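Novice: For reference, the structure I am asking about is given below.
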Amino acid sequence: LHCRNRGQAINQVSASRQKHTLPDLTYDYGALEPHICAEIMQLHHSKHHATYVNNLNVTEEKYKEALAKGDVTAQVALQPALKFNGGGHINHTIFWTNLSPNGGGEPQGELMEAIKRDFGSFQTMKEKMSAATVAVQGSGWGWLGYDKDGGRLRIAACANQDPLQGTTGLIPLLGIDVWEHAYYLQYKNVRPDYVKAIWNAINWDNVSERLQAAKM
């Protein structure tokens, strides 16, 4: 499958009701092969991420109605759906930009210096993040995040679609999705092979830009 996602760059809210929209990819579904196959990318982006976006819009509409009615019980009941679908949208929007057909290798400049300062070496960071990501029980994400208060990089893992910043306070720089839909068609149940391979597609320029923005 080499589907081109030709849609308008839509990482913005619509004018009508500020609905969330599925962000366009800047590369073809097959562009990350052999590390992530085209079929996975197509399903992951056009089906899974799209579902989070749709469900988030539905949930926010219900939440707005509950607010208008002053129905606190309904607002509380909607919180899990907001967290799950909102987190799914946030996480995947970051994930697509963290990947690139020209990715891999090692970061440069300030990001590399921060990694060396906080982990000793790039290889140590990579090993620690890989281990934390592979160890996620069930579905979830492994993250490299920025602790703004401490001014340091930290590794964390989140369950399900829990968004990193909303649940830990860390600003997300690099995320690795370890839901089975992210790798099973290609790597079956061997999650470590997928995590090892995805480092070859990491867009370090994007991660560096996120660090710069996080420090502002």
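Glycine residues also receive a Cβ, built from the backbone N, Cα and C atoms like all the rest.
Reproduced below are the annotations present in TrEMBL:
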DOMAIN    19-100  domain 'Manganese/iron superoxide dismutase N-terminal'
BINDING   HIS44, HIS92, ASP177, HIS181  Mn(2+) binding site
DOMAIN    107-210  domain 'Manganese/iron superoxide dismutase C-terminal'
Novice: By a 10 A CB contact count over all chains shown, which of the binding-site residues listed here is most packed: HIS44, HIS92, HIS181?
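Specialist: Answer returned by the neighbour count: HIS92.
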Novice: What does the DSSP secondary structure composition of the domain 'Manganese/iron superoxide dismutase N-terminal' (19-100) look like, as residue counts for helix, strand and coil?
Specialist: 59 helix, 1 strand, 22 coil
Novice: Give the number of CB atoms, excluding that of ASP177 (Mn(2+) binding site) itself, located within 10 Å of its CB.
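Specialist: Here the count is 26.
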Novice: I need the neighbours of the Mn(2+) site defined by HIS44, HIS92, ASP177, HIS181. Which other residues of that chain put their C-beta within 8 angstroms of the C-beta centroid, in sequence order?
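Specialist: Near the Mn(2+) site, beyond HIS44, HIS92, ASP177, HIS181, sit HIS45, HIS48, HIS49, PHE95, TRP179, ALA182.
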Novice: Suppose you look only at the domain 'Manganese/iron superoxide dismutase N-terminal' (19-100); what would the mean pLDDT be?
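Specialist: Taking every residue in the domain 'Manganese/iron superoxide dismutase N-terminal' (19-100) and averaging pLDDT yields 97.
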Novice: Within the domain 'Manganese/iron superoxide dismutase C-terminal' (107-210), how many residues are helix, strand or coil going by DSSP?
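Specialist: Taking the domain 'Manganese/iron superoxide dismutase C-terminal' (107-210) as a whole: 54 helix, 24 strand, 26 coil.
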